[in-house]
Amino acid sequence: MFRSLLVPRVAARSAFKQQSLPTIFTPAIGRRGYATSEEKDMVIIGGGVAGYVAAIKAAQLGLKVSCIEKRGTLGGTCLNVGCIPSKALLNNSHLYHTVLHDTAGRGIEVGDVKLNLAKMMSSKEDSVTGLTKGVEFLFNKNGVEYIKGAASFTGEHDLKIELNDGGERTISGKNIIIATGSEAMPFPGLEVDEKRIITSTGALSLDKVPEHLVVIGGGIIGLEMGSVWSRLGAKVTVVEFQERIGGPGMDVELAKDSLKFLKKQKINFKMSTKVMSGDASGDKIKLELEAAKGGKQETLEADVVLLAIGRKPYTGGLGLENIGIEPDEKGRLVIDSEYRTKIPHIRVIGDCTFGPMLAHKAEEEAVAVAEYIVNGHGHVNYGTIPSVMYTHPEVAWVGQTEEQLKEDGVTYNVGNFKFSANSRAKTNLDTEGYVKILADKETDRILGAHIIGPNAGEMIAEATLAIEYGASSEDIARTCHAHPTLAEAFKEAAMSAYGQPIHQPPNVRK
Amino acid sequence: MFTTTKTLRQAASAARTPLIKFTGPRKWDSGDHARQAHPASPTHELPKDFSSTPNSASFSSYRQQAQQHGPLGASSKIGKHSGHSLGPVEPAKGEYFDRNELPARFRRTPIDLAEIDAIETGGAALWS
């Protein structure tokens, strides 16, 4: 009888706690103390979206975490001088533009409309401050130590921190995460002063509406900031080296239509044009332009020039040379599939390594890296990272473009649905654009979704979920969508991909 | 009404099987942590200095490569976890490593010397 109660000693040692075997890293709680109180389970350099999310996730998983940020506020580029303030200005400038130009047809008579730029900027600051303080609050509640200062490696586990308040301290980490983000790419010959020659940072804080703003680069940042200042009254000229706007990820058809819509908003474009040189010594900034393929030259005068030719990883001052880590030719830190550098306990996430420089990509990596360390597994699907351009109309996409599918020799069906046939868009008097869904011809699985139109940035979430789950266009089409909503356009585009939409005549491409 | 809804659902599911299905709770395969190129890496390969050459300056680098009755690195199950992480070396409630830890009524009855002698001599000791 007692036999069943007995566990042989050897068997018992190897058998118990089998469930916990996948645990790779045991949180510090309940562990033996170490010689220095400054050793943490995880030290994160950078308090941007990648860094702060990794810090909170790791703390939730039981690690002792410190996060070092030199800006003085958390949230990095995104919250302080990127996504968040730009969206505040985009939203308010759109409202201003609507009130100025689009009320009469809606039966609203307005009187004298004036722009109070200082107030608009202060409203933007309120949004930023509320969010950055919110992250600090979350650090506090999750027990993350927030260190304000600039960190540099003195050893593979050791960091020296120049504190913002003066003084210095050292800290060591069993795991170290580099999440130092990116910075605007400089333009040779034009020195940034953030007053006349500006990056996206300066474009968020101009103290007056420039008479003529020239944007070098027709990518997402350039077009968003160009839209803001155009709506507020500036003459805006975008100079783009390529034949198309929106950058390489945007579907060509959408890029063409977006260009058309932005031109209607009186934004000027000089496509296939390169900036040869600039001179900011006079009252006006003079830019020498030339056709990208050579030939036609012209001089453009501007009051303010926005450099929006891309971003590059920011890893300066980290002392990486002290530990033998070198960036690649584009400044990215090289990592493996679990974000490990060649020194395995030092990992890199966000803009300073591979992949698109997007806050939501960084956030995904932040969660995954903490999970890899604590649980031994993580998940980021780089095939389903959406992109959004917050112009009006918005442009959003996820998955593959038609060009990529053609290049890969994949046969596909195209489903299109125009917002001009969507009831909610009609009631909103906001009908520019369409939804385009690309589905595998054989299996009907959705391979890509491309939206230009109102609320595209929100609607792309449905497409991302569909692609992540491996849904077919018929799955979407047979899913009930509330009426009247803009999202019905997505359902009808899915219907169009595998059959026919209800509210649009057959064979309407867009 | 409920019956009608149920019937409609059954009819719909009989007509078509959606590609989206609930496949049960997520299960992670975390066994293999061998280095692989990052999926977004432009070269799709790891640099040479990510190879098996141990970096003696770091214990964790050394441990990634070290061998002791098999690899000690994270890709191996041998030596992957510290003894501490396996939990306390104590049997669960109601389990015992040794019969002598059981309540007295379950322990062996003590054997006296005469009985031992009897067993060893095939019973002859009883007659000597």
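From the backbone N, Cα and C atoms, a Cβ is placed for every residue, glycine too.
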Listed co-binder of NAD(+) (same site as A:G217, A:G218, A:G219, A:I220, A:I221, A:G222, A:L223, A:E224, A:E240, source TrEMBL) among A:G143, A:G149, A:G310: A:G310
Sequence-distant neighbours of A:L358 (FAD binding site) in its chain (C-beta under 8 A, six or more apart): A:I385, A:S387
Euclidean distance between Cα atoms of A:H360 (FAD binding site) and A:G219 (NAD(+) binding site), Å: 18
Those residues of the chain, 6+ apart, with a Cβ under 8 Å from that of A:G217 (NAD(+) binding site): A:V238, A:V239, A:E240, A:F241, A:L307, A:A308, A:I309, A:G310
Candidates A:C83, A:G181, A:H360 (recorded positions) - the one closest to A:L223 (NAD(+) binding site) by CA: A:C83
Distance [Cα-Cα, Å, rounded] between A:I221 (NAD(+) binding site) and A:C83 (disulfide bond): 9
Sparsest-packed of the listed binding-site residues (A:G181, A:G219) - C-beta count within 10 angstroms: A:G219
